[in-house]
Ligand code: F6P
């Protein structure tokens, strides 16, 4: 392979820039031309493609967001859109593609692979919901952003002796809620992967109150439902003064943590290695701190799971 492309797609995540940098520098290290595709699959369809040089990715390792921009692209879900994308790649002589993103982006890479175009997926999403990797790029940074918020909310919650419901991102995955809830000492963690009983949530809060707790924190993943709705139910059932914080897109921004920068650098470079070895149709990950790769056609069929032991632990520690 003499020319490869790279794009970022879907919801951005801190560390995507570090991954792009790694892809670009690793390709150039091996004397391979590298092309940036801007605005994800929409930009691919429209031919927003530019050759990148070493300097193109200077001064970005520490920056959140993605220098290549990102987009969600319904057109790429159609065969027509996918074929237009392949035409653009061929027009530029690009022979392999690195796709950095979450499950929607992987779906696009899977489709390109099925059309015979070699792709390697790199897991970039704050949700940590890509099978075949212990961690996705951006999860650690998002987690630290959430922890920072929980710690601050805890201060004011204590002063006012209030209950707080903190809604975090994760439409289908509870990893951000589970990890941040555990690290933030939340009384209750609600995640889409586990059923919950509102009566149990209430009685747990009441038990804490009777023991003299001055505040309570409930972390809820957006996939479970609205934090506002849950807060309303809590207040009605307990008459504890309750407030809600929906953290929203603040979780997607910010300078990537050292962990995410290192992860992104390792995974980005590994994706290029695979393409250069002629191994398309793969997605990279890290498992037990080893770089691994899996068949991208199979990985999306695997369900996302949470760490059951960690979930159990979170319940045991918040009795
Ligand atoms: O996939 C990452 C993510 O941040 C999810 O946690 C969230 O549900 C979604 O993206 C929000 O997407 P958008 O920015 O398109 O509203």
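Cβ coordinates come from backbone N, Cα and C, glycine included.
Annotated domain 'Phosphofructokinase' per TrEMBL: 3-275, in sequence order.
Annotated ATP binding site per TrEMBL: 11, 72, 73, 102, 103, 104, 105, in sequence order. Secondary structure at residue 11 (ATP binding site), as computed by DSSP, is coil.
Within its own chain, residue 25 (ADP binding site) has 54, 57, 269 as residues 6 or more apart in sequence whose C-beta sits under 8 angstroms from its own. Residue 25 (ADP binding site) falls within a helical segment according to DSSP. Residues or ranges marked as ADP binding site by TrEMBL: 21, 22, 23, 24, 25, 154, 185, 186, 187, 211, 213, 214, 215.
The annotation Mg(2+) binding site is assigned in TrEMBL to 103. Within the same chain, the residues at least 6 positions away from residue 103 (ATP binding site) whose Cβ sits under 8 Å from its Cβ are 10, 125, 129, 130, 300, listed in sequence order.
Residues or ranges marked as substrate binding site in TrEMBL: 125, 126, 127, 162, 169, 170, 171, 222, 243, 249, 250, 251, 252. The 10 Å shell around the Cβ of residue 125 (substrate binding site) contains 27 further Cβ atoms across the protein chains shown.
Neighbour list (residue 127 (substrate binding site), Cβ cut-off 8 Å, at least 6 residues apart, same chain): 11, 102, 136, 139, 169, 170, 171, 172, 173, 175, 176. Marked as active site, proton acceptor by TrEMBL: 127.
Of all the binding-site residues listed (11, 102, 104, 185), 185 has the fewest other CB atoms within 10 A of its CB. DSSP classifies residue 125 (substrate binding site) as coil under the three-state reduction. The Cα atom of residue 185 (ADP binding site) lies nearest to that of 243, taking the binding-site residues 72, 73, 104, 243, 250 as the candidates. Using CA atoms as reference points, the binding-site residues 21, 213, 250, 252 were checked against residue 105 (ATP binding site), and the closest is 252.
Averaged across the domain 'Phosphofructokinase' (3-275), the predicted model reaches a pLDDT of 97. Ligand 1 lies under 6 Å from the Cβ of the following binding-site residues, listed in sequence order from 11, 73, 104, 127: 11, 127. When the C-alpha distances from residue 73 (ATP binding site) to the binding-site residues 187, 213, 243, 252 are tabulated, the minimum falls on 252.
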